[in-house]
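Take a look at the structure below.
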């Protein structure tokens, strides 16, 4: 057998093993509203046998089969209807196929000549997403990034290098700039400030209202106070679909403040961004047109396989100016010069331009963004997977309306769950159904009281929450819990595009039965 035929046979054989092994291990076809997500009972010794050392001679097909069998039986089945704990779901069928397709092609996404067709797909898909998010700039577009945290990080780096262009050459002076984030924002936003050299003292946390959204009035006060303290606003970060309760910040109000004070306006829409596909839900992101950058993860609510994430921007020239470095051995796109000075050098200069950076002449030194094809020059990466292809094929397969229906199903199931929880005497719903996106947060109403037990209410709630969490997971469900500000830890159930009303009715019934059996 020649090498080509041998390789094809080898790939086919291994893929058949993957298919049969995962089908046996996961319980996605039994028709039950929940499926067992539990791991193997005693896997540790077998893990050690498998991962302790590599063999001198390869184990071939049999070793591969044994390994994936063990791994799959000790992995979480997120295709199970009972998987309601994390902000991700079963990967879509076209997504799985496209993931395999990308692995077979194995094209790098750093320069066009390494993957010409897939580069064109990334540019096209990013532009279509930017339009869907109502980014209206003539140079709007985006690039893929290796996750939502990476998107938030790159947005902050771009903000630093564009709002304060001298920082790309000299760094930032401690205490000169401030960033503003909600106290309900994802931790990666604050972490990004540390990575780019701002430090914790530069992070100003804005209080959230009772519904979990950023208080725009408090933001204005915080910006005013920072100015009095001698700090310039570098970036204001809003959230569309917060991690805990799915809150959507008022983008129109926050964006207006950001534009007025000259701050970069970033929106973390990693979880909630899928609403832009739905005419019924896209109002939740009213004001997105004001954003300078938006982080969006199709691998969350849309069900595109991990990792598929984008950083969308209103002006692609900002990505080029912020991230471009001289690497002529790799990037062959023409970099125009003005008066003999490269655009990179020009972007490193200081001047009065930074006060009106959205209309800065520095942006005009960037090349025509439609002609930028070496996409790594727009990012902080070099080697890049063509993850946009997964979104492209997923979108092509389902269409905008099909994606919208799945997003709407997740929200409908969550609101139905919220109503069930609200109406049951043993539960206390934290956020009302009309405030719910795709997560539902609630307490168990305990028979115990602080007077009876000597515990605080927060201690009682946290103890009950953990007991229910452990018990329901032992019954095959995957849920989660989170800390409350005053009343202790609460249960959190995250619905996804596959969650049905039948499933949430079932888990409510089993939680009630469990809580009463435990005497909580």
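Residue numbering: from 1, along the chain as shown.
From the backbone N, Cα and C atoms, a Cβ is placed for every residue, glycine too.
These come from Swiss-Prot:
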- 86, 87, 88, 492: substrate binding site (BINDING)
- 340-351: compositional bias 'Polar residues' (COMPBIAS)
- 300: N6-(pyridoxal phosphate)lysine (MOD_RES)
- 338-357: region 'Disordered' (REGION)
Residues flanking the substrate site, with Cβ no more than 8 Å from the Cβ centroid of 86, 87, 88, 492 and excluding those residues themselves: 85, 300, 439, 480, 494, 496
Most Cβ neighbours inside 10 Å, all chains, among the recorded positions 86, 300, 492: 300
CB contacts for residue 87 (substrate binding site) [other CB atoms within 10 A, all chains]: 20
Cα distance (Å, whole number) from residue 300 (N6-(pyridoxal phosphate)lysine) to residue 88 (substrate binding site): 4
Top Cα neighbour of residue 300 (N6-(pyridoxal phosphate)lysine) in the set of binding-site residues 86, 87, 492: 87
Cβ packing number for residue 88 (substrate binding site), 10 Å threshold: 19
The residue listed as 'N6-(pyridoxal phosphate)lysine' - helix vs strand vs coil (DSSP): coil
